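Taken straight from TrEMBL:
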type	residues	note
COMPBIAS	B:1-15	compositional bias 'Basic and acidic residues'
DOMAIN	B:28-128	domain 'Fumarylacetoacetase N-terminal'
DOMAIN	B:136-432	domain 'Fumarylacetoacetase-like C-terminal'
REGION	B:1-20	region 'Disordered'
REGION	B:174-201	region 'Disordered'
Number of protein chains: 2
Amino acid sequence: MPKTDATHDARRRSWVDSANGHPEFPIQNLPLGVFVPPEGGAPRGGVAIGDFILDLGAAHAAGLFAGAAARAAEAASGPALNDLFALGAGPRAALRARLSELLALGSPERPRVEPCLHRAADCTLQLPARIGDYTDFYAGIHHATNTGRQLRPDNPLLPNYKHVPVGYHGRASSVVPSGAPVRRPNGQRKPAGEAAPSFGPSRNLDYELELGIWMGPGNPLGEPIPIAEAGARIAGFCLLNDWSARDIQAWEYQPLGPFLAKSFCTTVSPWVVTPEALAPFRIAQPPRPEGDPAPLPYLLDAADQREGALAVELEVLLLTPGLREKGLPPQRVALSHTRHLYWTPAQLVAHHACGGCNLRPGDLFGSGTVSGPEEGSFGSLLEATRGGRKPLRLPSGEIRRFLEDGDEVIFRAHARREGFASIGFGECRGTIRPAP
Amino acid sequence: MPKTDATHDARRRSWVDSANGHPEFPIQNLPLGVFVPPEGGAPRGGVAIGDFILDLGAAHAAGLFAGAAARAAEAASGPALNDLFALGAGPRAALRARLSELLALGSPERPRVEPCLHRAADCTLQLPARIGDYTDFYAGIHHATNTGRQLRPDNPLLPNYKHVPVGYHGRASSVVPSGAPVRRPNGQRKPAGEAAPSFGPSRNLDYELELGIWMGPGNPLGEPIPIAEAGARIAGFCLLNDWSARDIQAWEYQPLGPFLAKSFCTTVSPWVVTPEALAPFRIAQPPRPEGDPAPLPYLLDAADQREGALAVELEVLLLTPGLREKGLPPQRVALSHTRHLYWTPAQLVAHHACGGCNLRPGDLFGSGTVSGPEEGSFGSLLEATRGGRKPLRLPSGEIRRFLEDGDEVIFRAHARREGFASIGFGECRGTIRPAP
């Protein structure tokens, strides 16, 4: 696991004024992404600093990097970060260390760095990488319990849950960056009480609050990744909204799992928060409740148990047409935390590769919906409204069982720890458009 | 649907002698693939003709194509056929028509074509396209019934089966071309009677006989593909072995479907048999049994019902270490037929896109296991041996419940129709290597 160093020093300030005290992107964060600058041109790798984006290719061309940092900046200067992700932790950490120096208050390089900055509000953010495969896990144990309870009140968790990091293959083509519209899908659904299914717009459209994981160096087909090495294969983290059409899902998912109920769209936040930036926010994997089985040896590593989990607070906000009309702000409908994940990110990587399935740089994982155990911490409307039976009441007078056209869902996330500067993930937003 | 023309004329012969009467690649077939020539170099697009491969880029450089055929040949000259697939039926058909002329007995261009031929046995075949997403369907109704019966003897088919073309997202990274070794996966399995799962090599390794479908022109995110246009979006067909670890599958698959039980490896035959080549082998979708529901309108098209199914015979052969030792040939363990698919290829495409999921050129579909209703027509060992309870007995004296290390599984397929030259798909082979 990465250790803290000077780049995490809460006292370090930047000559980019807006970075100091920035809720998302202070100099201690330095997340990676791909953007198109205000004047247009090819998409390129950049780093968020306060209200600005630093163009990595331009900074590299200006001769601001050497050695491993230069290799990383060069790999990040194209339209996708896959090559940077493939380099692994060493060059990425070297890039971070140099960027932190360059952007720190008092840096003698400021005159050479400043021309490489663009105002973020004028840039367009894209997906950070070409996604080879996208896999969605189910590691939020309270979500699994809450949704399982709706089907099996006495026995909500299936027998495999505490042994297997359950997951399924998702659709890579329909992953979009924050801000892209989300079209309500048509599909087959068979409402309770109707004799036959019909085809039309989903009536039970939902969000799912997930942590996204970007893969770094992968493994050749047939060769597993040992759990002790699995954490170091991760290139970074983001927010992920696994939009779900519950009525389509209920009808289609037996026996092979969710398909069109999920694959119409998945939204990710565009910034990749690196394992280096998150070093201060590592926590022990919460102890398993009394009676739970120990993970099998291929999923068990002492260091991973000690510091492989993350302390990241996750929020869901909802902005409806009625709230917008009344000038009311987005309403927070959930506050959750990554400590509610039953498996660490490294366990998800090691499990995915344990049978030899090859992971590639730029592959994306979803953690599964991160819900807490109590009211107000549920990562989906299915849980928050008990499948629609207990609607949300908004200050606009609107009620919500599931999402309506025009609703905007906003996820935010922050890592916090006493003595360290908080860092944010940026937003993961999407607005529901009517079905075609 | 494509109509037959001079390229299908059974009397047409080639000056490539081995093509005449060739069981797989007569001049009426002309399947597309990607190969590395004997002298090495970059992978490139080619066409199979008898025992040879025609280098499309070289033939294009020799000025043998014009117009749409030239555009197609140029798109096929790189290391993957995605660009050709994106062009759709018109240029692909023009390329076929010109290739058929060039390779026909008596072609005046023979001296310019001949230098572009390589002996296929000396070439290495690769995957024909970069696979964006791989989706596996479940359209073989006898397979669904046979496997469902092992779990639910009285009610083998789930209620959605005859309404929904059931499918799930598969893993694109681990799709390999015929001949690549298949490593037995390790994984979690919980044998009946054991209290807890353990981790180790799969004991119930199986094949699944499937038709593969390569996507041509796709659809933008959010915009469905109408059923009447869906057939024309298909670039071609292949054989696909959806290797399956039954014990891992049984333990992991609830509630989100197959994951590591399938994603350790998927083998495809390397040649893409085009819709044009298959024009004579189109048949009506077999009538649904009395009492089955009609497909919903978004899946129903008169032309597709009339001629959207395929008449392709599929075979499974098994070559074990014992057979090899005794000098015995591969043993045929199944003979099946694509008429056993409950949905047409166009219905799979239209369903996949009905909620707006975007398909891309080079996406791959598996049909689902194609089994017939009777003994000897089962596309998996799970069905043929009734889950291992009724082992296969081989002339070598060996028995097989599931696959053993060293076993080689060979799929073959042929389209046949009175009055037309039969065409083949080439082989889809894989040999089981021991678990790591």
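Placement of Cβ uses the backbone N, Cα and C atoms for every residue, glycine included.
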With DSSP as the reference, give the number of residues of the domain 'Fumarylacetoacetase N-terminal' (B:28-128) in helix, strand and coil. 46 helix, 22 strand, 33 coil
Secondary structure tally of the compositional bias 'Basic and acidic residues' (B:1-15) (DSSP, helix then strand then coil): 3 helix, 1 strand, 11 coil
Taking every residue in the domain 'Fumarylacetoacetase-like C-terminal' (B:136-432), what is their average pLDDT? 97
What is the three-state DSSP composition of the region 'Disordered' (B:174-201), stated as helix, strand and coil residue counts? 0 helix, 13 strand, 15 coil
